[in-house]
Amino acid sequence: MDIISKSGEGNKYTINSAIAFVAYASHIDINTTEFSKVLSGLRDFINDEAIRLGGKISDGSFNKCNGDWYEWLIGIRAIEFFLESETNFIVVKMPNATSFDVMSIYKSCLSEFIYDLRSKLSLNNVNLITSNPDFSIIDIRGRREELKSMLKDISFSNISLSTISEIDNLYKNFIDYAELEHIKSFLSVKTTFRPDRRLQLAHEGSLMKALYTHLQTRTWTINPTGIRYYAAATSIGNADVIGLKTVATHSITDVKSLPQSAVDEIFKINSVLDVDSCLSHILSS
């Protein structure tokens, strides 16, 4: 299978992101390589193939694939972490919002409240437009052994297209699954925190918390555990720390509630060890 394919006329090629990822992973030890170096190595690997074929790859193609590759790196290690530990939580990669609504993870009796909210807002010419966090951290008490058996072959030492498919489709096992407290938190990841990405994350975190509060209100849940929203990138600067402390807007509309940050914490995830450290902290919070 080819890691790149010709795109129309001329010398432009597109990246077959999963095939390229699997092919490159067979040449390196991801367990000991910084993720930023994996991404730059993939770029060189693909560009070398494009040059060999007399073609070129656009920066836009790499930008799209970088996000996929970074999520697969984190997603695969997160499953390894689950298999190696005794945790009752699993980190599930979410698809794009255009193909799946993250609220569908909740049981239908809960998600229907969100659909009802959307419908009522639309009557007032207002749209509830949400993006999906990249990962949901879900309580799987009672299903641990089933999931361990299902996911036992996922490993950096054995990456295949089947591995990628399992990571990408794991969410299907959790549709109509969660009670209000079963989703512990969300994690969204970017290779880098550009200013526009910081705004996107703050908006997403604020909205996820507002929707949780809406469900809490509709179900009359007293003293809920709440939901947390985290962000991560291969590197973090002071501007990122400050920018992602933006307030969750729903928390300043009621004087009886304490202000909340849209993003609870940010993490540097640039290696397997960073993934482990991040997940250990999130699961103990």
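Each residue's number is its place along the chain shown, starting with 1.
Cβ atoms are placed via backbone N, Cα and C, with glycine included.
Secondary structure from DSSP puts GLU204 (Mg(2+) 1 binding site) in a helix. The local packing around GLU204 (Mg(2+) 1 binding site), expressed as other Cβ atoms within 10 Å of its Cβ over all shown chains, amounts to 22. Annotation source Swiss-Prot lists Mg(2+) 1 binding site at ASP134, GLU204.
In three-state terms derived from DSSP, ASP134 (Mg(2+) 1 binding site) belongs to neither a helical nor a strand segment and is classed as coil. Residues annotated as Mg(2+) 2 binding site in Swiss-Prot, with similarity to another entry given as evidence: ASP134.
Annotation for ASP134 (Mg(2+) 1 binding site): same-chain Cβ neighbours under 8 Å, separated by at least 6 residues, are GLU71, ILE74, LYS93, MET94, LEU187, SER188, VAL189.
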